[in-house]
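Asker: Structure provided below as structure tokens; questions to follow.
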Amino acid sequence: MDRQQDTQASDARPVLEGPDIARVLTRIAHEIVERAKGADDVVLLGIPTRGVFLAQRLAAKLEEITERKISLGSLDITMYRDDLRMHPPRALARTEIPGDGIDGRLVILVDDVLFSGRTIRAALDALNDIGRPRAVQLAVLVDRGHRELPIRADYVGKNIPTSLRETVKVMLAEEDGRDTVLLGAKQTSQ
Amino acid sequence: MQRHLISAADLTRDDAVLILDTAEEMARVADRPIKKLPTLRGRTVVNLFFEDSTRTRISFEAAEKRLSADVINFTAKGSSVSKGESLKDTAQTLEAMGVDAVVIRHGASGAPYRLANSGWIDAAVINAGDGTHQHPTQALLDAFTMRRRLVGRDAGIGQDLAGKRITIVGDILHGRVARSNVDLLHTLGAEVTLVAPPTLVPVGVETWPCEVSYDLDSTLPKSDAVMMLRVQRERMNAAFFPTEREYSRRYGLDADRMARMPEHAIVMHPGPMVRGMEITAEVADSDRCTAIEQVANGVSIRMAVLYLLLGGNEPAVSHTRIEEK
């Protein structure tokens, strides 16, 4: 088990490093302000685990730019997944909706990697049970392609063309001790 | 592989903490405008109640509906059981209808265990109280209430109840609640003291992982939570104490006694309360009494158990129980 992880780590090569991630998030924050015309009614919802940290960082940058408090929360999509019946039940993560709700607001979902699009589909279902936003947008750090649903991101940190045999691993200081995005080969045994 | 919840003693510490953590997230659904999750869509759950129960059945039903399961309620009264049908035939009837889980309350200790291990049905079995044996979801919701009040909602995530001193007062002999609580609280690292008149303490209690005392007043100052149990008149076939008044004076919780508890300590009651008997109205209505909170927490705990047993292709709760020989 440990040995396998070691091989994976040594095979994987970084495609985004710490400073790149910071620059990418700064750019996305500016894009949000531009497109949302000042980001007055923006609510950032991070999708656990790493989407939450990205949303926190984005909120800090948006507050720097707009000098206003940005609504920030998290949205756990576990209970809305379409593959629940294919795995043992997963541990739930925190859903934290800001006190003033999402009705009539511009909700921006934040996730680390956009892949099949199924997570975002589940997130849209979850939002439906929580309120009715004015609009929903999606910000991701990495878009690796291979969509299985008609879903696209509004703000993309970096497009990384991948094959299905590859894995994309986002590591963030809050969770993994350092900031990096690794592109590696999938374990054939799995 | 076990996919039933029969006894609180079957749960490992990690299983129990996982259930409590899951319940903490489930509790948030109650604050939302739409109190429903799609997770158990298309799964059928039968509430099979051979014994009268209002709050447990309603609590399970609320939990099942919040998770979008299809719910069938079966009460023994006015059913085929009153015509003489056996548990086996009832179970096989339910199996033929394609039921995914059975929540069972039965007057006979061991009925849920029999149902789960007999091979009569494939469905998951959840014990909602059997005779004087076990009531695991009650113990879980009590532990959840203690963790929320004594450790904290967010601070409690991933934590057990290590070092907390819990006192359980009242009818231990007829109480499945007491037995389940002793098992689970011990697993979670709490120190449990049972307080009851000697006649209401079961034979063999010395093998339970807890202390036994006959003196409430000396135990109260050393308690983080005091759980008052109802004296179950319907199970009293003999005289266990001279008068209700005497019981109430020695083992009832009134304001004077509550004042002797530590500042942070809470008063718990699984309900239904008999005001004036084991608890005075003044205590029952105080901020320190968690009876109403326990009801709300019951729905969250039952949602967590249902999700962890039925939400995936196999249960997340790993039991370490001994197979029936």
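From the backbone N, Cα and C atoms, a Cβ is placed for every residue, glycine too.
The carbamoyl phosphate binding site annotation in TrEMBL covers B:Arg55, B:Thr56, B:Arg105, B:His135, B:Gln138, B:Gly271, B:Pro272. According to TrEMBL, the feature L-aspartate binding site maps to B:Lys83, B:Arg176, B:Arg230. The domain 'Aspartate/ornithine carbamoyltransferase carbamoyl-P binding' annotation in TrEMBL covers B:3-147. The domain 'Aspartate/ornithine carbamoyltransferase Asp/Orn-binding' feature in TrEMBL is assigned to B:163-309.
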Asker: Round to the nearest Å and give the CA-to-CA distance linking B:Arg105 (carbamoyl phosphate binding site) with B:Lys83 (L-aspartate binding site).
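Answerer: Just about 19 Å between their Cα atoms.
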Asker: By DSSP, what is the split of the domain 'Aspartate/ornithine carbamoyltransferase Asp/Orn-binding' (B:163-309) into helix, strand and coil residues?
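Answerer: When I sort the residues of the domain 'Aspartate/ornithine carbamoyltransferase Asp/Orn-binding' (B:163-309) into the three classes, I find 64 helix, 24 strand, 59 coil.
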Asker: For B:Pro272 (carbamoyl phosphate binding site), identify the closest of the binding-site residues B:Lys83, B:Arg176, B:Arg230, judging by Cα separation.
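Answerer: Looking at Cα distances from B:Pro272 (carbamoyl phosphate binding site), the smallest one goes to B:Arg230.
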Asker: Write out the long-range same-chain contacts of B:Arg230 (L-aspartate binding site), meaning residues 6 or more apart in sequence whose Cβ is under 8 Å from its Cβ.
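Answerer: Listed in sequence order, they are B:Gly170, B:Asp171, B:His269, B:Pro270, B:Gly271, B:Pro272, B:Met273, B:Val274, B:Met277, B:Glu278.
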Asker: Could you say which of the binding-site residues B:Thr56, B:Gln138 has its Cβ with the most other Cβ atoms inside 10 Å?
Answerer: B:Gln138
Asker: Taking the centroid of the Cβ atoms of B:Arg55, B:Thr56, B:Arg105, B:His135, B:Gln138, B:Gly271, B:Pro272 (carbamoyl phosphate site), which other same-chain residues have Cβ within 8 Å of it?
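Answerer: Leaving out the recorded residues gives B:Ser53, B:Ser59, B:Ala128, B:Gly129, B:Val177, B:Pro270, B:Gly298.
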Asker: Determine, to the nearest whole angstrom, how far the Cα atom of B:Lys83 (L-aspartate binding site) is from the Cα atom of B:His135 (carbamoyl phosphate binding site).
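Answerer: It is 27 Å, counting Cα to Cα.
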Asker: How many Å lie between the Cα of B:Arg55 (carbamoyl phosphate binding site) and the Cα of B:Arg176 (L-aspartate binding site)?
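Answerer: With the alpha carbons as reference points, the distance is 16 Å.
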Asker: Identify which of the binding-site residues B:Lys83, B:His135, B:Arg176 has its Cβ surrounded by the largest number of other Cβ atoms within 10 Å, counting every protein chain shown.
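Answerer: Top count of Cβ atoms within 10 Å goes to B:His135.
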Asker: What's the CA-CA gap between B:Arg176 (L-aspartate binding site) and B:His135 (carbamoyl phosphate binding site) in angstrom, rounded?
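Answerer: On Cα coordinates alone, these residues lie 6 Å apart.
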Asker: Taking B:Arg55, B:Thr56, B:Arg105, B:His135, B:Gln138, B:Gly271, B:Pro272 as the record's carbamoyl phosphate-binding set, what's the max Cα pairwise distance in Å, rounded to a whole number?
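Answerer: So the binding residues stretch over 17 Å, Cα to Cα.
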Asker: What is the one among the binding-site residues B:Gly271, B:Pro272 whose Cβ has the most other Cβ atoms less than or equal to 10 Å away?
Answerer: B:Gly271
Asker: For B:Arg55 (carbamoyl phosphate binding site), name the DSSP secondary structure in the helix/strand/coil scheme.
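Answerer: In three-state terms, B:Arg55 (carbamoyl phosphate binding site) counts as helix.
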Asker: Find, among the binding-site residues listed as B:Arg55, B:Arg105, the one whose Cβ has the highest number of other Cβ atoms within 10 Å in the structure shown.
Answerer: B:Arg105
Asker: On average, what pLDDT score does this prediction assign to the domain 'Aspartate/ornithine carbamoyltransferase Asp/Orn-binding' (B:163-309)?
Answerer: 92
Asker: In DSSP terms, helix, strand or coil for B:Arg105 (carbamoyl phosphate binding site)?
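Answerer: In three-state terms, B:Arg105 (carbamoyl phosphate binding site) counts as strand.
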